[in-house]
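Here is what Swiss-Prot records for this protein:
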type    : residues                                    : note
BINDING : 167-174, 192-196, 214-217, 284-287, 319-321 : GTP binding site
BINDING : 174, 194                                    : Mg(2+) binding site
DOMAIN  : 2-160                                       : domain 'Obg'
DOMAIN  : 161-338                                     : domain 'OBG-type G'
DOMAIN  : 359-437                                     : domain 'OCT'
């Protein structure tokens, strides 16, 4: 039996940009040659791509870290480093990608061959050619490559199906799917034979078709995680029409009406919008003795429980075993699909902003100041830390440039206003220097 995995937590780390070079021309007949250090190449991004051949997230169970390659360093004679190739990670169709820390949805991958940059590679550092000015025609300044984005992502897989079969275990969902579609699910005379969603293509009439999914049996408390409830309910979210399968036989000793109410309560508790989907009641196993009598009792209870303005739900009498009553059910299902639009899982406007953005967000202030336990001062913040990482401290001019940029950010003024004294230690990441007032 193949395992099914519909959630995974992974780390994606894009490649660092290549360092820029400090170099000078050393050519015959060219005295006092100018700067010749090239730029570093860009780091490789991590890109998710939909693969229709994948049906689970099992590949991410043991392979949880994906790293892009770094760009090459800049070279002499103004030659730029080669950019790294992007890392393509294949995911199944229907995968939702979320930021693990915030829970924000980054993208919903539902289109064939759809791609999305989940971690952008760092840009290459500039070589000293870029820093030449009339006042300083031969600078010994170059940048280190920009670090690539590093994220923890949560992947959730929801099967892509138009119609979902819901109901308690052993009510005949798998049998029904097997006789109306090309699916061949495992069928057994015991509960939870189906532990993964089965999908089949259903042909109706001339040319009409739709995808039907047999959802594993639900139990009371599924919305709060009882059994494997949340995993199963997640897959129903993409469907447009629900077929609620009820067992009208006496084999399991169940009450069809209580089953009907319990399953709908679970759907509503998990996600209110699931109850907005058209739902057909499928009275299954009508070939069994006493089935007609039990169906009549079900209809009486259902009618008595309806509000004054509620219409009686549509009920179809079928037998998956003898294949009776199925054509009418499928025809009505096809009609409802034609009338029912897709239900959006996420707000398109909010999702659009996330999809369009690949870079680093600007903070209101480029740095923050805090105190260490020993009384030293610590600078932090994405902007100033990135500036620090991209500074090449092997060259004095680069160090002086970094100091000027710190002053331009207002670091000196802020430290002074917070009480920093001459000789106090100031730290940024693992680097330490003395404050000079």
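Placement of Cβ uses the backbone N, Cα and C atoms for every residue, glycine included.
Positions of the features from Swiss-Prot, shown on the structure.
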residue : record              : CB count, 10 Å
167     : GTP binding site    : 25
170     : GTP binding site    : 21
173     : GTP binding site    : 30
174     : Mg(2+) binding site : 24
285     : GTP binding site    : 24
319     : GTP binding site    : 22
Overall pLDDT for the domain 'Obg' (2-160), taken as the rounded mean: 90
Structural state of residue 173 (GTP binding site), classified by DSSP into three states: helix
Residue 174 (Mg(2+) binding site) and residue 319 (GTP binding site), distance between Cα atoms, whole Å: 12
For residue 319 (GTP binding site), the three-state class that DSSP assigns: strand
